[in-house]
Amino acid sequence: MRAPQHNSDFSRTVNQLADDPNPYEPEVGSMPKNEFSRADLDNVNKTGTTTIGITTEDGVVIATDMRASLGGRFVSNKNVQKVEQIHPTGALTMVGSVGGAQSFIGSLRAEVNLYEARRGEPISMDALATLAGNFARGGPFFAIHPILGGVDEEGSHVYSIDPAGGVMEDDYTVTGSGMQLAYGLLEQEFEEDLSNDEATTVAARAIKSAAERDTGSGNGVFLCEITDEGVDIHGHHDFDEVV
């Protein structure tokens, strides 16, 4: 597993910052705050979830299930899109509380747009992963554990971002309540240099496997294909359409 911070655009060295624009302007405001108690969190919509990211020969494939639950006991929504585009060639999954994940995605999108406006070029995946880790560690986003996937000049990247802000890059990764079930299939099916089409089938099968036994996952699959040309996201309630 590889940590993205080394030599990233967000490494704080004197040489890097000397000729760069002031990183604190323009300001986007302070982080949102919350005053929820532990009891309140039982009534928060959560995604439960199985989310998967796979690097491929063509780019990256991300897959998620579609279920949201209330307190882990009641299915509150059967059509949740748990992967969102946050970069011209990058996407992030939603894991944890729905509100926290949506706020997290909105904050990252704002920073991505500001970076491009200041520098005239898209932010690299390593820098975006470092920024996402900083947000997860310092912001009030509850227990989120998203996957970031994207393509840049260095190639294809998949990162898992833990609730404490830890960032790890790997060829494939899984997060969420169904991760053990999905990992079992991925360990058998993953091969280097899979095409996007092949990885899509593998990822959908892994989501289906998790949905069979994990009560927090189910109701279909959203598939996200990322290449150097952009991001394509599509949902399927019937697993047979994609496996």
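Cβ atoms here come from the backbone N, Cα and C positions, even for glycine.
What Swiss-Prot annotates here:
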COMPBIAS  1-16  compositional bias 'Polar residues'
REGION    1-29  region 'Disordered'
ACT_SITE  T49  active site, nucleophile
Original post:
Are there any residues in the same chain, six or more apart in sequence, whose C-beta is under 8 angstroms from the C-beta of the residue listed as 'active site, nucleophile', and if so which?
Top reply: T64, D65, R67, K82, T93, M94, V95, T175, G176, S177, G178, G216, S217
Original post:
If you run the three-state DSSP split on T49 (active site, nucleophile), which class comes out?
Top reply: coil
